[in-house]
Amino acid sequence: MTKRLFTALCGLVFLVNFGRVAFAPLVPEFQQDLGISAAAVGSVTTLVWIGTAAPRIPIGWVLTRVARERVVLATGIALSLAAALTAMADSLLALRVGAFAVGLATGGYFVAAIPLIGALYPERTGRAVGVHGTASQVASVVAPALALAAIARVGDWRAVFWLLAGGALVVTIALFAVVRARGGVEPEGDAAATDGDGVADAEPRSFLAALSHWRIVLAGMSLVAVAGFAWQGVFNFYVSYLLSKGLTPANANLLLTVAFAAGVPAFWLGGRLADRLPKVPYLLALNAAFVASLVTLTYAGSLAAFAVVSAALGYAAHALFPAVDTYMLSTLPAADRASAYAVFSGASLLFEANGSGVVGALTDAGVAFDRVFRLFAVAVAAVLVLAALLYVLGRFPAPAGSTRRQPDGR
């Protein structure tokens with residue numbers, strides 16, 4: 001039954017991420033159909049990512065009162081409704097509302113589903129998170145082709161979102177059937193409630209307790225947020241950067257696909273390595289690989305070199321995500337895991353989302369892409385050195401059972 005539940009989650013996360021990334025390849029269709037400018041349609045894609053960041057911390061509070069599987073089911077229904085709303089859009093405002101609604105549904109899903117997976121597979125968290133992430137990343141790779149194929153067959157971009165709405169509804173119903181047959185999954189606040197005066201009294205303390213784990217939250221952010229900030233800036237301007245290097249549009253877009261395709265083995269293998277290797281050193285090594293790849297990118301001069309670096313950069317960036325999720329789920333206490341993870345996830349994503357804006361502002365000011373990317377590499381390296389030093393000194397939070405001395409001196 002656990003396998004069926006996990007399979008349903010993988011199906012839903014494919015659709016969740018498809019909803020987030022489907023807007024970008026449809027930009028020309030939006031412009032032609034609704035008669036809107038490039039700047040206006042750019043705001044639509046931005047709203048998707050603002051939406052996916054916005055609900056994460058509030059959902060953390062909800063998870064202290066509502067079982068995780070119920071929140072996941074609610075996000076599946078919300079995604080279906082949001083996709084249908086987008087499909088009915090006949091103006092820029094309606095499209096913006098639909099995009100933001102899709103983002104909200106996807107953001108709520110991740111903060112509930114990742115801790116749920118950790119509860120389902122406490123001994124193989126990294127592997128499970130990696131497989132789940134692989135399903136999500138496959139959507140990133142195939143979404144452009146699927147979206148364009150749907151348009152070619154039907155002749156209307158709205159078909160993409162109608163199909164998403166129907167798919168999300170079907171998978172959510174299947175997930176509900178599995179959860180009901182299983183009898184649910186124990187809500188995270190139950191253990192805390194048994195020690196208090198009841199669930200109503202214990203659960204509000206759970207979110208306050210989540211905030212008390214700020215050291216672990218900051219530690220997790222140091223291992224992913226700065227690199228994620230840089231990655232957001234790099235991949236959003238990757239095609240423009242490669243065009244400035246003299247590559248053709250076809251080759252530039254192909255290399256962006258290579259970078260995202262590298263995320264599929266990164267999630268699949270990276271999650272397994274996160275289970276087997278010491279978690280903090282593994283994350284430090286991935287950050288180092290990201291820095292090395294980013295610096296190397298700025299010195300590449302041929303199509304072959306760009307292809308190799310694109311694959312390496314994409315792998316390092318995407319492997320960070322299952323690794324840091326495994327670290328957080330292994331380090332946070334079970335009673336506060338979902339809500340504390342939500343705080344970590346929301347704060348990290350809000351920080352990372354600014355990466356592309358910074359790249360745009362700096363390049364508009366006349367700073368060359370190469371210099372911007374090298375500055376990003378320096379920033380990631382500085383945080384990496386600090387985190388490594390704290391780890392060596394035993395001041396960096398580590399999972400239970402780690403042989404490294406903990407911040408409290410144990």
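Every residue gets a Cβ built from N, Cα and C, even glycine.
Summarising model confidence by region, the domain 'Major facilitator superfamily (MFS) profile' (3-395) averages a pLDDT of 87. TrEMBL lists 3-395 with the feature domain 'Major facilitator superfamily (MFS) profile'.
Taken from TrEMBL, the feature transmembrane segment applies to 39-59 (among others).
Per TrEMBL, the feature transmembrane segment maps to 71-93 (among others). Sequence-distant contacts of the transmembrane segment (71-93) (same chain, six or more residues past either end, CB-CB distance under 8 Å): 9, 12, 15-16, 19, 34, 36, 40, 44, 59, 62-63, 99, 101-102, 104-106, 108-109, 112-113, 116, 158-162, 164-166, 168-169, 171-172, 175-176, 179.
Marked as transmembrane segment by TrEMBL: 99-121 (among others).
If you look up TrEMBL, you'll see 133-154 (among others) marked as transmembrane segment. Residues 10-11, 13-18, 21-22, 24-26, 29, 160, 163, 257, 260-261, 263-264, 266-268, 270-271, 318, 321-322, 325 of the same chain lie 6+ residues outside the transmembrane segment (133-154) yet bring a C-beta within less than 8 angstroms of a C-beta in it.
Sequence annotations record features per position, and here TrEMBL assigns transmembrane segment to 160-179 (among others). Same-chain neighbours of the transmembrane segment (160-179): 1, 4-5, 8-9, 11-12, 15-16, 18-19, 22, 26, 69, 72-73, 76-77, 79-81, 83-84, 86-87, 98, 146-147, 150-151, 185, counting only residues six or more beyond its ends whose CB sits under 8 Å from a CB of the stretch.
Within its own chain, the transmembrane segment (216-238) has Cβ neighbours under 8 Å at 252, 255-256, 259-260, 280, 283-284, 287, 290, 294, 297, 313, 317, 320-321, 324, 327-328, 331-332, 340, 343-344, 347-349, 351-356, 358-360, 363, 369, 372-373, 376-377, 379-380, 383, 386-387, 396-397, counting only residues six or more beyond its boundaries. The feature transmembrane segment is assigned by TrEMBL to 216-238 (among others).
If you look up TrEMBL, you'll see 250-270 (among others) marked as transmembrane segment.
Residues or ranges marked as transmembrane segment by TrEMBL: 282-300 (among others).
Cβ atoms under 8 Å from those of the transmembrane segment (306-329) belong to residues 114-115, 118, 125-126, 129-130, 133, 137, 216, 220, 223-224, 227-228, 231, 234-235, 242, 245, 247, 255-256, 258-263, 265-267, 269-271, 273-275, 279-280, 282-283, 286-287, 289-290, 293-294, 296-297, 300, 337, 340-341, 344, 399 of the same chain, restricted to positions at least 6 beyond its ends. Sequence annotations record features per position, and here TrEMBL assigns transmembrane segment to 306-329 (among others).
Look at TrEMBL and you will find 341-363 (among others) tagged as transmembrane segment.
Annotated transmembrane segment per TrEMBL: 375-394 (among others), in sequence order.
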Non-local residues, at least 6 beyond the ends, that sit with Cβ under 8 Å of the transmembrane segment (341-363): 49-50, 52-53, 55-57, 59-61, 63, 107, 110-111, 114-115, 210-211, 216-217, 220-221, 224-225, 228-234, 236-237, 328-329, 332, 369, 372, 376
Long-range environment of the transmembrane segment (282-300) - Cβ separation under 8 angstroms, sequence gap at least 6: 223-224, 227, 230-231, 234, 245, 270, 273-274, 306, 309-310, 312-313, 315-317, 319-320, 323-324, 327, 369-370, 373-374, 376-377, 380-381, 383-384, 387-388, 391
The transmembrane segment (99-121) in contact with the transmembrane segment (39-59), cutoff 8 A, at least 3 CB pairs, sep 6+: yes
Beyond the flanks of the transmembrane segment (250-270) by at least 6 residues, Cβ under 8 Å: 126, 130-131, 133-134, 136-138, 140-141, 235, 238-239, 242-243, 286, 303, 306-307, 310-323
